[in-house]
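A short worksheet on the structure shown next.
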Amino acid sequence: MSSYNNTARFSEARRVAIFGGTHGNEMSGVTLVNLWMKNSAEIKRKGVEAVPFITNPKAVEKCTRYVDTDLNRAFTPENLSAPGGDDLPYEVQRAQEINRIFGPKGSPEAYDVIFDLHNTTSNMGCTLILESSKDHFNLQMMNYIKVGDLKMHVKAQPQGVLRSNIFEAMRVILKHALDFIELFNEGVEFPPCTVEVFRVLERIDYPRDANGNIIAMVHPNLQDCDWEPLNPGDPMFQTFDGKTIHYQGSGTVYPTFINEAAYYEKQQAFITTRRETLVASAIIKA
């Protein structure tokens, strides 16, 4: 990226990967990628090579989140640099293979854009997750997707289940994202914009006893209230004998991934976030 007169200049995004099945029981991405692998007409854009790819085929075959370990947590420098071999966990082997095909991660040879499609059992609606708040290209893409109209109410999707509204919402997101990339590559300048985001603060575990057993549930007042304000003193958990545990934080936060099924093993009841407005500079093709 370079900058000139407050306009950020980026190289063309010519190679785009679309991942589904990183978690093998998250069916929207699995189904869309399989669909596009058979017929890629829907994801074709002028000057863009869009490659749909099933990242964790053994987990997809078993309709389980993973086989040996969470692939979404396997792309660490240690795993990617480990000597290869069948003794490695299956997902670490896959991470190394994916890194060889679409990377190496952080190198000039890596794909320009990667979309990794996921579902959640939480009531989060259409959620776009960024690794960096300073990535003006992706902030502009998020703004374009939002302007492209995602005013649809999408609820949680159970693991191993395919819901048509969530399938179609994900399809629309990818359409707008690919449209944005095509326009950018054609030389369209995107003016400065602001994007409302939620920055991760803290991961909150369920209350537990001395033996590590869960002793409370997400409170009914909090359940399904992703992205809604949680204020000090608000109900947060409810013990099995009916007592309420209140949020004791110093200020208002916005919880998300509330009661996500896959995060019980990670000892996480929800994530707290704070609401922010980010400013993306104007961008244009270099």
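Positions of Cβ are set from backbone N, Cα and C atoms, glycine also.
Curation does not apply to TrEMBL; its annotations are automatic.
Listed in TrEMBL for this protein:
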BINDING   His23, Glu26, His118  Zn(2+) binding site
DOMAIN    13-156  domain 'Succinylglutamate desuccinylase/Aspartoacylase catalytic'
DOMAIN    194-274  domain 'AstE/AspA barrel-sandwich hybrid'
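Neighbour density for His118 (Zn(2+) binding site): within 10 A of its CB lie 17 other CB atoms from the protein chains shown. One way to see the shell of the Zn(2+) site is to take the Cβ centroid of His23, Glu26, His118; the remaining same-chain residues with a Cβ within 8 Å of it are Gly21, Thr22, Asn25, Gly29, Arg65, Asn72, Leu117, Asn119, Thr120.
Per-residue confidence over the domain 'Succinylglutamate desuccinylase/Aspartoacylase catalytic' (13-156) averages 93 (mean pLDDT, predicted model).
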